[in-house]
Structures are given as structure tokens and as C-alpha cells.
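*Asks:* Dropping a structure here in C-alpha cells format, bear with me for questions.
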Amino acid sequence: MYKMQLLCCIALTLALMANGAPTSSSTKNTKKQLEPLLLDLQLLLKEVKNYENADLSRMLTFKFYMPKQATELKHLQCLVEELKALEGVLNLGQSKNSDSANIKESMNNINVTVLELKGSETSFKCEYDDETVTAVEFLNKWITFCQSIYSTLT
């Protein structure tokens, strides 16, 4: 009696695992897409750190939201939702060392890459943490997120 239920449960588990498990080619593609995303985030962090002290301290007064638990590619939607605000802050703090064309290009690259990574799924709703973070913390956390996802794909 229980044998049949156990076999059904095992079959269902195997079916779910097979459908949810990424293939090696999709893992390879995901890794390839994560690399430029990581580089663009690092470039933006470098831009933020390039600002003169007065600009940087003013920029750090702006706060950004992070998702409560970012563990999957779908959480990149939360990055996209805060990206426009980040671009505004970076453009406010323009200095001689910074190039707005590079910032805009990085923002566009991030948007395109995130769309490719998360797919066209738009129904995901971000649950944000109550605490806000600075631009530097925001970028560092997303860099760490990408590195974490990348390391799980290896």
C-alpha cells in the first residue's frame, strides 16, 4: 500500500529534478552572461569610488533598497528596479574623473544582461529589506550576489 505512494513520490521528485536542473549548455550561457554583468557592476563601483570626497559624501546620503533574500537569478529584477535611481545619483555626482557615457553604457548593459538572465518573467515581485544601503554597499552586495551565483555554476 505504501509502496505505491513511495514510488509515485520518487517518480514525481525525479521528474521535478529533471525539469528544474539546468543543462550544461544553459549553465555555460549563464556564466557567460554573468561575467559582463559583474564587470559592469564593478565599473560602476569604481566610478562611485572615483568621486571627490565632497561628491562621494553627498552621494552616500542617497539610500537604495536590497531584496530580503537574493539567491536566484529572478532576484535580478530587484537590481533593475533600483538601477534608474542609481543612475540618477551617479549623474548628480559627476566629476572631472567620471564619464557619463560610460555610466549610461554600463546601465544599459546591465539592463540587457539582466533581461537575458532572468528571462521575460515579469510577475516576480521584489520583497525589499526594511534597511536601506548606500550606493557603495548596494553595488558591493550585487557584485557579491553575482559572484555567488557564478560560483554555484562552476
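Numbers here mean position along the shown chain, with the first residue as 1.
Glycine too: its Cβ is placed from the backbone N, Cα and C atoms.
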*Asks:* With reference to Swiss-Prot, which of the candidate residues C9, C78 participates in the disulphide bond with C126?
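*Replies:* Cross-referencing Swiss-Prot, the cysteine bonded to C126 turns out to be C78.
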*Asks:* Around C126 (disulfide bond), which residues of its chain at least 6 apart sit with Cβ under 8 Å of its Cβ?
*Replies:* P67, H75, Q77, C78, E81
